[in-house]
Amino acid sequence: YTKNTEGKSAITALLDVKDPTKIFQAPEDLQVLIGTTAQLSCLAVYDNSFSGDFEIVWEKDDMEIALNHTENSGYFLEDGILQIVNVSHRDQGMYKCVARTPVDQDTASALLIVLDVPDAPENLVLSEHKGRSVKLKWIPGDDHNSSTTDFIIEYEESQWEPGNWNELQRVPGNHGSAVLKLYGHVDYRFRVSGVNAVGRGSPSEPTERYKTPPAAPDKNPENIKIEGHLAHEMDINWEPLSPIEHNGPGLEYKVSYKRQDVEEDWHEHVVKRHSFVVKGTPTFVPYEVRIQARNYQGWGPEPKVMTGYSGEDFPSAAPDDVEVEVMNNSLVKVSWTRVHKDKLHGHLGGYRINWWRLRSLLDSKKTHGNKHTLTFPGDRNHAMVPGLTPFSEYSLIVMTFNGRGNGPGSHAVNFKTPEGVPEENPVFRVTDVQKHTVALTWAPPLVANGVVTGYRLEYQLINDTEEVGVLQSMDISSPDTTSCVLRNLEAVSRYKFYLRSCTRVGCGPQVSEESTTTPVARLASIHGGISTQGWFIGLMCAVAVLTLIVLIACFVNRNKGGKYAVKEKEDLHPDLESQGMHDDTFCEYSDNDEKPLKGSQHSLSGQIKAEDSGDSLVDYGDEDAQFNEDGSFIGEYAGRKEKRVSVEVKGTTNQSKA
């Protein structure tokens, strides 16, 4: 609004205030390896009213980058991030991000540096030729933003390995020349490559060839080995000089040797190969050896003297005073007197122990079991032998060995291992289940590790697995017992049974079985089995009478003409109280002719075979024939009996908490 004496005037205008455009995440200077992808970020804020007119533009070296989004383009822009794919040297430069609206703009810049291996050196020149040395100069190539740390000088020769380049020398990266020490009689050419933190660059173009004159060898063979693979021989081997180390034609080696501290003069031989065998040497004596190289130009430097030994022979003596100390039922300590070094005839390798099992102490018959060997390197006079079988007799020998082989074994020493606990029973089964009883049967352990003295039988209720019942325990002191009947158990209850075999040392690992008692007694148990029926009893009586008549007739017929008739019958009545049970445990033993289980299933039918009658002298005298007091023949008897025992136990036994 304005006015003067002439009048007044007014203009109305609308002012719209906008937020400024500002870059809040600017791109940062970046170093990337050639061939990788570079990312430059640029994020800005601007007034919301320009949402349709805002844009971000990228410039490189003040030239706007064309983003055509084609496959051939190396630039991609997404969410303000510029991606440069497969970076090359031409991508290096200054990048500017321009964030603009129709009314203002903001800019930010970053430098992109591309890293690469050095370029190949140029203008290689050979100078200062001095026979076996020459000076090499070069101009370093571009290091591509990573300083050169080393220059590698390589050579190629035309005689031995033409076309193959080998490294000759390395010099620091700030050098542009090097003096090269060369072998004689070689036609060289050279090339150089640079190394920086990125890697090794391409090599330069090779120089012209330079041939050195021949010369005597600069060195003698290395890695000399003096060995004796056979008695009375000594093998000398060495690493030959490489062809380029010959320094000229006509390379040979002079091998010199003599007995250490015995001979004054050297024995010398000139050979072209890189090995030599000295024959007719004493067994395992020290020698001094030296090897010198020569060619047509002369001898190499004075060689070093090496010491070695002639061939080894087998040790001639065995360890003495071998003793065995039993540590436990599976471990022994073996000690001996060392073999004197004069009897070793070689470098001591150590000692070996051979042992084998003769027998179980349960068996009187000895057999030579499989041989086992333990090797103990070094000089020692004792060792431990583990893994033995308890309750066994063993035999062992000790011997020493060297590089040739084993010496003689010592006198065999026999020893016995003490008892151990038995292994688990191979068979443990529930054979009959009733309302209040369970019948169990088992087989003796296959490996007893001692004299089995009996069994430990345990059982408990397991209806509720979280709260099991009290563990009932009983010891069966008869090793012949292989079955047991547990009585007074709860009906319709699940029980778990455990069995372990025992020796005087203790009891072995347990085996277990589970079973559930029945709700009612089985039919055979309520009404009686077939053996209680009247008709069956009558039939058995008739069979017994007929059998008795036949036996009497046979006996009379066989003893016809004899002066005496002999009949003696032994009835076995086990003492129930002598079987190791106590408290109110009830046990019944019954003899029969069945053999104990041997790892196979057995049927508990409850039938007991009748024992054979026999003369009481059979158990103590000759089983083939028996005679009366005046020498007349009475009869023949088979006296061997086998006994099987079963146990019947009521439910009340020794108790221990599970």
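Backbone N, Cα and C atoms are what each Cβ position is placed from, and that goes for glycine too.
Sequence annotations record features per position, and here TrEMBL assigns compositional bias 'Basic and acidic residues' to 575-585. What TrEMBL lists as domain 'Ig-like' is 20-109. The feature domain 'Fibronectin type-III' is assigned by TrEMBL to 120-215, 220-313, 318-420, 422-521. Annotation source TrEMBL lists region 'Disordered' at 199-222, 575-621. The feature transmembrane segment is assigned by TrEMBL to 535-556.
Through the fold, the region 'Disordered' (199-222) approaches residues 117-122, 124-126, 129, 131-132, 134, 136, 138, 141, 152, 154, 156, 158, 165, 182-193, 238-241, 245-249, 251, 253, 274, 291-301, 303-304 of its own chain, all at least 6 residues removed from its boundaries and within a Cβ separation under 8 Å. Summarised as a single figure, the pLDDT of the domain 'Ig-like' (20-109) averages 89.
Taking H, G and I as helix, E and B as strand and the rest as coil, DSSP gives the domain 'Fibronectin type-III' (220-313) the counts 4 helix, 47 strand, 43 coil. DSSP labels the residues of the domain 'Fibronectin type-III' (120-215) in these numbers: 0 helix, 45 strand, 51 coil.
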